[in-house]
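What Swiss-Prot says about this protein:
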type    : residues                                               : note
BINDING : GLY10, LYS11, GLY12, GLY13, ILE14, GLY15, LYS16, SER17 : ATP binding site
Amino acid sequence: MAMRQCAIYGKGGIGKSTTTQNLVAALAEMNKKVMI
């Protein structure tokens, strides 16, 4: 399977870090390999 890239960006204080951590946690629970 090909690698997919997902970019989460925007101005400060909009929850980028929180969104990233929640997304990574959900993917890891589904036994997906993740790199941040």
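Placement of Cβ uses the backbone N, Cα and C atoms for every residue, glycine included.
Here the features listed in Swiss-Prot are painted onto the structure.
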| residue | record | CB count, 10 Å |
| --- | --- | --- |
| GLY10 | ATP binding site | 9 |
| LYS11 | ATP binding site | 6 |
| GLY12 | ATP binding site | 5 |
| GLY13 | ATP binding site | 6 |
| ILE14 | ATP binding site | 11 |
| GLY15 | ATP binding site | 10 |
| LYS16 | ATP binding site | 13 |
| SER17 | ATP binding site | 10 |
Secondary structure at GLY10 (ATP binding site), reduced by DSSP to three states: coil
Helix, strand or coil at LYS16 (ATP binding site) [DSSP, three-state]: helix
